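Participant: First the structure, then my questions, so here it is.
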Number of protein chains: 2
Amino acid sequence: MDFLSHKEKYEETVRKACVVYKKLKEMRKGTGSIDISRENIITSVIHSILKDGDPFSLNNVMMIPVIIGQATPRQQAMWLQRTINYEIIGTYAQTELGHGTFIRGLETTAHYDPTTQEFILNSPTLTSYKWWPGGLGQTTNYAIVVAQLYTQGVYRGIHLFMVQLRNEETHEPLPGIKIGEIGTKLGMNNVNNGFLGFENVHIPREHMLMKYSKVLEDGSYIKSTNEKLAYGGMTFVRVSILKVVSTLLAKACTIAIRYSAVRRQSEMKPGEPEPQILDYRTQQYKLFPYLAASFALKFTGKWLLNICTEVFSELEEGKLERLPELHALSCCLKAVCTTEAAQGAETCRLACGGHGYMMCSNLPSLYGLITAACTYEGENTVLLLQTARYLMKAWQQAVGGMAMTPTVAYLKQAVSGSNGTPCWEGSTACIVSAFQQVAARKVKHSADIMGQRIQEGVSPEDAWNMTSVELVQCAEAHGRAILVERFVAAVAELNVSVALKTVLAQLRDLYTIYTLLRNSGDFLMYTEMTPLDYCNLQNRMETLLSELRPNAVGIVDGFDFHDDIIASTLGSWDGQVYDRLFAAASKSPLNQDTVNESFHKYLKPMLKSGL
Amino acid sequence: MDFLSHKEKYEETVRKACVVYKKLKEMRKGTGSIDISRENIITSVIHSILKDGDPFSLNNVMMIPVIIGQATPRQQAMWLQRTINYEIIGTYAQTELGHGTFIRGLETTAHYDPTTQEFILNSPTLTSYKWWPGGLGQTTNYAIVVAQLYTQGVYRGIHLFMVQLRNEETHEPLPGIKIGEIGTKLGMNNVNNGFLGFENVHIPREHMLMKYSKVLEDGSYIKSTNEKLAYGGMTFVRVSILKVVSTLLAKACTIAIRYSAVRRQSEMKPGEPEPQILDYRTQQYKLFPYLAASFALKFTGKWLLNICTEVFSELEEGKLERLPELHALSCCLKAVCTTEAAQGAETCRLACGGHGYMMCSNLPSLYGLITAACTYEGENTVLLLQTARYLMKAWQQAVGGMAMTPTVAYLKQAVSGSNGTPCWEGSTACIVSAFQQVAARKVKHSADIMGQRIQEGVSPEDAWNMTSVELVQCAEAHGRAILVERFVAAVAELNVSVALKTVLAQLRDLYTIYTLLRNSGDFLMYTEMTPLDYCNLQNRMETLLSELRPNAVGIVDGFDFHDDIIASTLGSWDGQVYDRLFAAASKSPLNQDTVNESFHKYLKPMLKSGL
C-alpha cells in the first residue's frame, strides 16, 4: 500500500472498504439495528485492514450519532435507516479553511427563504470552504454541514444542515457543490479528506436538524431552551479519543518492546554476547513508562466514558448540572492524553533506531494517527485554556467556600492553606495528594497573577492572554492529577489475581513516579518534597524498571493484538524481525527490475557527459 | 511529487538530480576542483529541488571525504577525480540490518587471499546485509564498504574497501552483489536507501583503503599507528549535522511564524476582529524559544566546526591531544541539538494546527529530515552515554586536581565545593554559571552513585548500566551548558548594530531562561535559585516574548530563504496561505475527475446491495 500513488491508495482503500462494509451492512440488516459488541469487533477488523484511515468512518462516527442526537423523529425517519444501512454515506462538514476550533468564526451561510421554504447555502469567501472532513473528497454523497443561520434578516447562530452532495446514481456533484480532496498529509492518507464550497445551494427547510432549535415555514426562529445540548456529540467524540489513543499507544509499545527483546546490540561486559537491548536501563526508561501510560489512559478513558454516559442520560431528564464539569474534563483529558500518547509513540519509534523510521515498522503511521488527535476535535492548547477557564471559576468557588464538583474538590486544600502532604513519606497516597497540591497551587498562582494584573489596570482579556502560559500549565497539572488518581483508584478496584495486581501496581507506581520526576520542578516548588526525596524516587523508579523487565514482553503479549492488527515488521508475535524487514523490502516495485529505466534515460547520460 | 508512487518518485528524483548534478559537474570541470563557496550555493539549490532527499548526496558527503581521508595517494589517483567528476557515483555502506551505532558488531567479512591477491567479501548472515546507505538501491555503482578484515587467518578489525557494485555501462549488479532498495520511510523517501549483500565477491588488494592500516601482498598486516585517525570522517559529519539541523529548524520557524501572522482566530476581546494568532502568548511561547534555539544551534555549530578544523589540522602534524574532547563534544552536541531541533520542528508543525499536518506545509518533511538525524551517525542515547564516559573520566581528573580541557573545566567548581552562583542575581553570567553548576553536580551525582554501587559489590559494567539514566541526563546537562555558554559568547563577540544586537540579546535571554525553566527541577535541586527567583524568571520570559513579537516576522525574513527553498503553502513570503493551499489541493490527481472510477467499480455496488 505504501508503494502506491496517492490516487491508487484511494482506489485500493475504497475497494477494501467496500468488502468490509458490505459485511457490516449485512450484519446490520440481519439484526435491524446496531449491535455494539459485534460492531466493536468489526471496527477493529476495519482498522487493521484500512490502517492509514478509512474514508467511510465519519458515517458511523459522526453522521449517525448527529442524526440521533440532533434530528427530529420525522427527520430520523428520513435519514437514519439509510445511513445505518449504508444506502447513503455521509460525513460531517464543520471545519473550514480559515476556522477550526473557534466554531463561532465559521463563515458558511444558510439564508432561509420563506417563499420557497428553502435554505440557501453559500461559501462567501475562499476561507469559508469546508476543509478536512473525512471521506468528503470523492467518497461521501451526503454531509451534515455546519453553517451560520440567517432568517427574517436576523443572524441566528450556528446550526446543522443535512445536505446532499452528489447524485446517488451517478455520484456527480450536485449543482453549486464544489468538491474535491485536499491532498497528502503526514498520516491518515487514506481518509480522503475533502473540501467543499457552496454556490447558492438550495435545500428544503426540513433539512435543518431541528431537534432543539427550529425554523418555521414563515422563517420564525424558535431558539433551543439550552444551547449546550447541541455540543454533546463533540464531547462524546473527545471522550472516545482517550480509548483510541490508549490503544494506539499500546500498539506502539508492543512493537518497540517486542523488537527490543529481539534486537541485540553492543556489549555490556567484555567477551559476553550482545545483550537484548531491552536489558539496557536507558531502553527500559524509554519504553516502560509509556507502557504504564497506556494503562493510565485506558483506565481514565473508561472512567470518563462512564461519567459521560451518566451525564448524557441525566440530560435526557433535563438535568444539566454536571455538563460543565464533563466539558472541562473532556477538554483537559483529551489534550493531556493525546499529547502524552503522541510523545509515547514517537519515543517508541525512536527507541527502535533506524528500523523504526521505516513505514513497515508501522510506527510512523501510529504516530501520524495519534498526533492528528492533538489537533482535531479541538486544538489541544485551546482545550487546555477552556479547562483553565473552568478551573479559574472553580477556584473562585473554592475561595468563596461554595460546594465543589468532585474532580476539583481538591482545590479547597490550597484555599485553606492546609497541606496535602504534611510530611513527605513517598507512599502512593502521598504522591496522589502531591499531584493535587501541585495543580491546586498552580491554579492559585495563575489566579493570583491574573488578579494582580487586573488590579494594575490591565483589562481582564489582556490579563488572561498575558497569563495564558501559566493557565495552560495549570490545566496540564490538573490533567496529570486526574490521571494519577484514576490509575491508583482503578488498580485498587480491580478484582484480579495477586500476581496480576502486583504487575499492575508496578506499572501504576512507575507511571506516577516517572510523571512526578519529569515535572520535578513543580514538586520542589509546591510540595514538601526535598532533593533527597527526589533521589529516593529516582532509585525507586529504577528498581521498578528492573522489576518490570522480566514481564515486559508478557504484558504486551497480554494486549493480544493480532499480527495483522499490529501490522509491523518489528512487532510481530514470532519476533522474526529481520526476515520480515527483508520480505517487506522485496515487495518494493523498485526491486522488480535489476536496472531501473532511469539509468538509461538520465543517469548514464549524466555520468558519461563531458568525458 | 507527493502524489506519485514510490517508484515514480524515485524516477522523477533521478531526472531532476541529473539536471542539477550535470551543472555541478560542469562547474567542477571548469575549475578542476571543488570550490566550497560555489558548492554551498549549488547544495542549497539541490536541497530545494530534491526536498525529500537526494540519492546522489553520499557521493559528496561520504565517498569523496573518505577517499581523501583514508586512501593512499595512489588510490586517490584511481578514484578521486572520477568521483569528483561524477563519472562514477558512490555511497558509503556501513550500517547493517543487525547493527548500527555499534560498529564493532558488523558482520560483513573481507578475507584476504594471498594467492590471488584479492579480498573476498561475504555476508555470512541475513543480519549482515548492508541496510540504509543512501543511493544504494538503484543509483550508485560504487560503494565504500565497511567490513571485518581477516588476513593470514587472523582477525584484524574493521576496515574500509572500495567495491564496484554495478557495471558502468549496463548498471547490472556485478556477480555476487545482491542489491535493492529498502522501501518507504517516515521521510527522506527520495534518498533511495538500499540493501547490499555479498556472495564471494572478489576485489583487488589495492581496493582496501590503506592510508593508515595496510595489507601487504603476502597478507602481512601493518596496523595503523593510531586507530582513532580512521574516525575523523564520522566526527566531521556529526559536527556538520549541527548546521544542517539549525537551518532546517530555522525553516520550520519561518513557516510557523509567517503563518501565525496570517492566520486569525477566535476573539481576544468581545466585538474586536479576530487577532493574528501570533498575538496569543501561548503561540509566542511555542515558537519564539525555538526561533532562539535555531540561533543557539547555529552559533554553537560554527564554533564546533572551527574546533574541528583546528583539531584536524593538528592531526596532520601528529598532535592528538584534543581528539577525545572533540569526539565528546561532537557526540554530545549532535545528540542534544538534533533532539532539540526535532522537538522544535514538531512544535512548529503543531502550532500550525490542521494545516501543519498537510504535506504541502512542508513541516512534516522538515520533521522527517531532522528526526532522522537523531538516529543516523550515531543513535543519540548511545552518543550521550559516550559523552558521559568522557565526563566520568574528566570528573576523575578534576577530583585528582589534574589539568582540565576547556569545555569541562567548570567541573572543578563542583569538586572544590565552591559555589558558582553564591547569590542568585539572575544576570546572564549567573545563568550561564548555573547551567554549568547543574551539569557539574549531575556529573558528581552520577559518579557518586556509580561509585557507591561498585562499592556494594556490583560489577563496574552493571553499575554503569544501572546508572545510565542519570548518565544520559548529565550528558544532556553538559550539552545545555555548552549551548547556553556559546550563545552568550557569540552575541558578545558579534560586531553588529545596536538594534540588531538588542534583538539577538533578547533571543539569547529567551533561550537561556526558557531552557532553564524547562529544567527547573535541576536548578531548584542544584543551585541557589529559589521559587521566587523562578517566578521572576517566568516573568522575564513573558516580557521577552512580548518584546520579540514585533520583530518576529522580521527575524525570519532575515533568514532570507527563497520561497522555493521554504517550499511551503503556509510559509511563503507573500503570506497568501489560503490561495496556496487551494492551489496545492487542485493538483491532486484525485481532483482531475468529478467522479472517481472506484465509485462505479466498488462504492455504488456496495451502497445498492441488499436494497
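Just so you know, glycine gets a Cβ as well, placed from its N, Cα and C.
The following feature annotations were taken from TrEMBL:
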DOMAIN    A:2-89  domain 'Acyl-coenzyme A oxidase N-terminal'
DOMAIN    A:92-201  domain 'Acyl-CoA oxidase/dehydrogenase middle'
BINDING   A:THR95, A:GLY134  FAD binding site
DOMAIN    A:231-392  domain 'Acyl-CoA oxidase C-alpha1'
ACT_SITE  A:GLU377  active site, proton acceptor
DOMAIN    A:429-608  domain 'Acyl-CoA oxidase C-terminal'
Participant: If you average the pLDDT over the domain 'Acyl-CoA oxidase C-alpha1' (A:231-392), what number do you get?
Facilitator: 95
Participant: What is the interatomic distance between the Cα atoms of A:THR95 (FAD binding site) and A:GLU377 (active site, proton acceptor), given in whole Å?
Facilitator: 10
Participant: Give the residue counts of the domain 'Acyl-CoA oxidase/dehydrogenase middle' (A:92-201) per reduced DSSP state, in the order helix, strand, coil.
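Facilitator: Once the DSSP states are binned, the domain 'Acyl-CoA oxidase/dehydrogenase middle' (A:92-201) shows 6 helix, 50 strand, 54 coil.
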Participant: Please list, for the domain 'Acyl-coenzyme A oxidase N-terminal' (A:2-89), how many residues fall into helix, strand and coil according to DSSP.
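Facilitator: Across the domain 'Acyl-coenzyme A oxidase N-terminal' (A:2-89), DSSP assigns the residues as follows: 66 helix, 0 strand, 22 coil.
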Participant: To the nearest whole angstrom, state the Cα distance for the pair A:GLU377 (active site, proton acceptor) and A:GLY134 (FAD binding site).
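Facilitator: Distance (Cα to Cα, whole Å): 13 Å.
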Participant: Go through the recorded positions A:THR95, A:GLY134, A:GLU377 for me and flag any whose C-beta is under 8 angstroms from a C-beta on chain B.
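Facilitator: Sorted by position along the sequence, the hits are A:THR95.
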Participant: When you measure from the Cβ of A:THR95 (FAD binding site), how many other Cβ atoms are you left with inside 10 Å?
Facilitator: 21
Participant: Indicate whether A:GLU377 (active site, proton acceptor) is helix, strand or coil by DSSP.
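Facilitator: Reduced to three states, the DSSP call for A:GLU377 (active site, proton acceptor) is coil.
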